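Features reported for this protein in TrEMBL:
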{"type": "ACT_SITE", "residues": "K11", "note": "active site"}
{"type": "DOMAIN", "residues": "71-149", "note": "domain 'GHMP kinase N-terminal'"}
{"type": "BINDING", "residues": "P99, V100, A101, G102, G103, M104, A105, G106, G107, S108, A109", "note": "ATP binding site"}
{"type": "ACT_SITE", "residues": "D141", "note": "active site"}
{"type": "DOMAIN", "residues": "206-281", "note": "domain 'GHMP kinase C-terminal'"}
Amino acid sequence: MKPVTVRVPAKVNVQLAVGAARPDGFHDLANVFLAVGLYDEVTVERAPALALTCTGPGDDPLPEVPLDRTNLAARAATELGRRHGIEPDVRIHIAKDIPVAGGMAGGSADAAAALVACDALWGTHASRDELLDICAELGSDVPFSLVGGAALGTGRGEKLVPLDVGGQFWWVFALADGGLSTPAVYREFDRLSPHAPAPAASPALLDALRTGDVHTLAATVTNDLQPAALSLFPALKDTLAAGTAAGALAALVSGSGPTTAFLAADAASAENVADALRASGTCRAVRVAAGPVPGATVV
Ligand code: C5P
């Protein structure tokens, strides 16, 4: 049986509205996701037992990624197998280009990709609804990695409504030195905003996506986790300032951070902002990507 490879994109949250903590510890969200063209590739093939390997850009090892059964990609394979009576005896290789612990849903992307890849390898032909159900069990951002494009996520972010997008938006991503733990950022959010109102999507922002109006989108992007991420990682303020000074139309923390995202007017302006960020000394690496792009896809 031939190996199966699935390509899966990163996401940026163009709006992340966060409510107060729920009794289950999660937060209700109005989460406007946009999939962008920065990809991980997950390859699965039959093996004597479940095994996981991972390399980063340039085939470098990535010690931060766990290679045991706690890895979301391994959990995805195990859960699909469990539901279909199949031992998850697969070797999963993750070729990572999405920053690790960066607020761009890299781990979620790998889970969605492993699920789609195992479904193809085993010929389980799981329905879209079953795949989405497994994704939601694995994590709040995993369903979006499966569907891609643009979507509004409510509940803890897993209930998705696809959104129409009237164009491509160009982004620059500044990768930080170090990571931020998502639960820690939410805890800091609770400390800073104990009485957060119920979250709601911005009609003006949804309209800007629909019409492809980058200037209105830039004026309406928001991230309620940003004050918490900046409180835990104050140096990100310098990165945001450097991108803004370089002509980005909007600058924000991506999800729970510490990657920062900069919306540019077009491809050429994105390259200018990227060059300025590289020269600023305020980040580890810089990437340019446009979205929306499709979700997890067999290649
Ligand atoms: O769902 P996921 O496992 O990705 O969430 C990671 C952590 O982020 C949760 O344990 C929780 O601390 C926080 N979270 C939250 N509310 C959400 C999504 C995530 O508090 N809607």
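Each Cβ is built from the backbone N, Cα and C atoms, and glycine gets one as well.
TrEMBL: automatically predicted annotations, no manual curation.
Sequence features, as recorded in TrEMBL, placed on the structure.
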residue : record           : contacts (Cβ under 8 Å, 6+ apart)
K11     : active site      : F33, L34, A35, V36, M104, A105, A109, D141, F144, S145, G255
P99     : ATP binding site : A10, G106, F173, L175, T259
A101    : ATP binding site : E64, G179, L180, S181
G103    : ATP binding site : L180, T182, A229, V253, S254, G255, S256, G257, P258, T259
G107    : ATP binding site : N71, L72, V100, G139
Would you please pick out, from the binding-site residues A105, A109, the one with the fewest other Cβ atoms within 10 Å of its Cβ?
-> A105
Summed over the domain 'GHMP kinase N-terminal' (71-149), the DSSP helix, strand and coil counts are 47 helix, 7 strand, 25 coil
For the domain 'GHMP kinase C-terminal' (206-281), DSSP counts of helix, strand and coil?
-> 44 helix, 11 strand, 21 coil
Cβ within 8 Å of the ATP site's Cβ centroid: which residues qualify beyond P99, V100, A101, G102, G103, M104, A105, G106, G107, S108, A109?
-> A10, I98, T259
Count the other Cβ atoms sitting within 10 Å of the Cβ of D141 (active site), across every protein chain shown.
-> 27
Integer mean pLDDT for the domain 'GHMP kinase C-terminal' (206-281) | 98
